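Peer 1: Among the features that Swiss-Prot reports, 5-amino-6-(D-ribitylamino)uracil binding site is placed at F22, A57, Y58, E59, T81, V82, I83, F114, with the record citing sequence analysis. Per Swiss-Prot, the feature (2S)-2-hydroxy-3-oxobutyl phosphate binding site maps to G86, T87, R128; the stated evidence is sequence analysis. The active site, proton donor annotation in Swiss-Prot covers H89 and is backed by sequence analysis.
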Amino acid sequence: MKVIEGVVATPNARVAIAIARFNNFINDSLLQGAIDALKRIGQVADDNITVVWVPGAYELPLTARVLANTGKYDAVIALGTVIRGGTAHFEYVAGEASSGLGSVSLNTEIPVAFGVLTTESIEQAIERAGTKAGNKGAEAALTALEMINVIKAIKA
């Protein structure tokens, strides 16, 4: 029986991080968590990490697709925060970001790690950006690295 499992140490990986400016006081923590995980755990060189800032979470899928289609990156990490408010805006933005990023990954065969927080409150977002609930940016980075290796192993 052949079993394929990915590892996270990927020193030669080329990774793009697409990050939303909206709610940047939370997203900055996600970014720091992602970069720390890429460098410290994944052993990715600083020169192999590209950060692209976009206005909000809604713009992440298009940006991820353009990055994936360049052929310059082994994975894309999407980071952002969508917090529920008093209108239906949350459902539209969160839904489009989620389905759009999944579509990019399926259509390009480049891993797109989902590091977009979708929370009910600012407090929940802060918890998921490095306090009680860990750092979802770091988790997304580790997912991206593991998927790079899984896909390489499948195609080998």
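Glycine is treated like the rest: Cβ placed from N, Cα and C.
Show me how these features fit into the structure around them.
Peer 2: Secondary structure at T81 (5-amino-6-(D-ribitylamino)uracil binding site), as computed by DSSP, is strand. Non-local neighbourhood of T81 (5-amino-6-(D-ribitylamino)uracil binding site): A20, F22, N23, I26, N27, L30, A57, V116, L117, T119, A125, A129, each in the same chain, at least six residues away, with C-beta under 8 Å from its C-beta.
Take the CB of G86 ((2S)-2-hydroxy-3-oxobutyl phosphate binding site) and look out to 10 A: across all protein chains shown you find 6 other CB atoms.
Take the CB of H89 (active site, proton donor) and look out to 10 A: across all protein chains shown you find 12 other CB atoms. Reduced to three states, the DSSP call for H89 (active site, proton donor) is helix.
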Peer 1: Rounded to an integer, what is the Cα-Cα distance in Å between F114 (5-amino-6-(D-ribitylamino)uracil binding site) and G86 ((2S)-2-hydroxy-3-oxobutyl phosphate binding site)?
Peer 2: 25
Peer 1: Give me the non-local Cβ neighbours of R128 ((2S)-2-hydroxy-3-oxobutyl phosphate binding site): same chain, 6+ apart in sequence, Cβ-Cβ under 8 Å, ordered along the sequence.
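Peer 2: Once residues fewer than 6 apart are set aside, R128 ((2S)-2-hydroxy-3-oxobutyl phosphate binding site) is near L117, T119, G134, N135, K136.
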Peer 1: When the number of other CB atoms within 10 A of each residue's CB is tallied over all shown chains, which of the binding-site residues F22, Y58, F114 has the maximum?
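Peer 2: Of the binding-site residues F22, Y58, F114, the highest Cβ count within 10 Å belongs to F114.
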Peer 1: Using the alpha carbons only, what distance in Å do you get between G86 ((2S)-2-hydroxy-3-oxobutyl phosphate binding site) and Y58 (5-amino-6-(D-ribitylamino)uracil binding site) once rounded?
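Peer 2: One finds 18 Å between the Cα atoms of these residues.
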Peer 1: Take the Cβ of A57 (5-amino-6-(D-ribitylamino)uracil binding site) and count every other Cβ within 10 Å, whichever protein chain it belongs to.
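Peer 2: Result for A57 (5-amino-6-(D-ribitylamino)uracil binding site): 28 other Cβ atoms within 10 Å.
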Peer 1: Where I83 (5-amino-6-(D-ribitylamino)uracil binding site) and H89 (active site, proton donor) are concerned, what is their Cα separation in Å, rounded?
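Peer 2: If we compare the Cα positions of I83 (5-amino-6-(D-ribitylamino)uracil binding site) and H89 (active site, proton donor), the gap is 10 Å.
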